[in-house]
Amino acid sequence: MPKITVVGSISTDFVVETDKRPSMGETVEGKTFSTSFGGKGANQAVASARLGAETHMLGAVGQDTFGEELLNNLRTNHIFVENVERVTHSSGSAFITLYNRDNSIIYVPGANGAYSADKLEALVNGQTVIQKSDIVLVQNETPEETVNKLIERCHELNVPLLLNPAPARGLDQNLIEKVAFLTPNETEFEVLFPGETMEDVLKQYPNKLIVTLGSKGSTYFDGKSVQVIPSLTVANVVDTTGAGDTFNGAFAFAFASGLPIKDSIQFANIAAGLSIQKVGAQTGAPTLDQMKEHDYFEKAWHFKQ
């Protein structure tokens, strides 16, 4: 069973589906409203745990009702939460608009913004949860200083780290060199590497930079040629909110289980494709049994449970 640690955001999603996006100053009528559990960190943790990884969550929630519900949801998904802090800030939240089978998001960090580099450093020094991990995941919904400290510490400890740079912000070259995997989508890629062509940048970071392309799949450079791994064909797209997070959690699970990078990407593409057929960032994340039922699942992929 792979051991995965996720450092990141834990939030509640407030989701509105509409047939029309409002212009400035305009009020429009929504079709549906729902709440669900989210936060890119929590989504990725749920994705890896559903597949069978021993998953540890590091982050922070508020001392409000939402915070308790968020912790209970993680526990229900068999995620270890002893290193999730309760802080005085409100719990994180995201306000998501679903329109024309796609989404836009306003994110309010709340407690997630209180997870400091000092707290992370104290945990690394006092416990071994990160040291014993097969891979660590982190995203940019955690303070930049904390993310940078985590990259440095994982590099020092020789623990592979996957950085999902969402939301997008600049990243120093020396930090890119220290991560095992960098997984932007196309928009995030443009922020990280402005004015550069994707093929040229992929060739600079063989087997490290993996760009997700939505319905077109994912791409990376394997050291010989640029590979495009196609996505799962999905006839009924319901909600794409958690697709990227499911991809990252599934990729980490597959890689930590011993699959090569190309197979890990194929595996993650299947998981992401299955996830978008239900509403909610976490609801659609598949189990390993559900993955094995799909025609695209390779019989050669063996996972130790």
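Just so you know, the numbers here start at 1 and follow the chain as drawn.
Glycine too: its Cβ is placed from the backbone N, Cα and C atoms.
Nobody curates TrEMBL annotations by hand; they come from automatic prediction.
A quick note: this is a predicted structure, and the numbers were derived from the prediction, not measured.
Annotation comment: TrEMBL describes Asp245 as active site, proton acceptor. What TrEMBL lists as substrate binding site is Ser11, Thr12, Asp13, Gly39, Lys40, Gly41, Ala42, Asn43, Glu141, Asp245. Positions annotated as ATP binding site by TrEMBL: Asn185, Thr212, Leu213, Gly214, Ser215, Lys216, Gly217, Gly244, Asp245, Asn269. Sequence annotations record features per position, and here TrEMBL assigns K(+) binding site to Asp239, Thr241, Ser275, Lys278, Gly280. Sequence annotations record features per position, and here TrEMBL assigns domain 'Carbohydrate kinase PfkB' to 1-287.
Distribution of TrEMBL features across the structure.
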residue	record	contacts (Cβ under 8 Å, 6+ apart)
Ser11	substrate binding site	Phe37, Gly38, Gly39, Ala42, Leu70, Ser91, Gly92, Ser93, Ala94, Tyr107, Gly110, Asn112, Glu141
Asp13	substrate binding site	Thr35, Ser36, Phe37, Gly38, Ser93, Ala94, Phe95, Ile96, Thr241, Gly280, Ala281
Lys40	substrate binding site	Gly8, Ser9, Gln139, Glu141, Asn164, Ala166, Gly244, Asp245
Asn185	ATP binding site	Ala166, Val211, Thr212, Leu213, Gly214, Gly244
Ser215	ATP binding site	Ser231
Ser275	K(+) binding site	Ala47, Gly242, Ala243, Thr246, Gly284, Ala285, Pro286
Rounded distance in angstrom between the Cα atoms of Lys278 (K(+) binding site) and Gly217 (ATP binding site): 19
Env. residues of substrate site, Cβ within 8 Å of mean position of Ser11, Thr12, Asp13, Gly39, Lys40, Gly41, Ala42, Asn43, Glu141, Asp245 Cβ: Gly8, Ser9, Ile10, Phe37, Gly38, Gly92, Ala94, Ala281
Recorded positions (Glu141, Asp245), the one with most neighbouring Cβ atoms at 10 Å: Asp245
Cβ atoms near Gly280 (K(+) binding site) (within 10 Å, other residues, all chains): 21
For Leu213 (ATP binding site), the number of other Cβ atoms found within 10 Å of its own Cβ: 17
Listed binding-site residues (Ala42, Gly217, Lys278), ranked by Cβ neighbours within 10 Å, top entry: Ala42
Per DSSP, three-state class assigned to Lys40 (substrate binding site): helix
Neighbour count (Cβ, 10 Å) for Thr241 (K(+) binding site): 27
Structural state of Asn185 (ATP binding site), classified by DSSP into three states: strand
The domain 'Carbohydrate kinase PfkB' (1-287) [mean pLDDT, rounded to integer]: 93
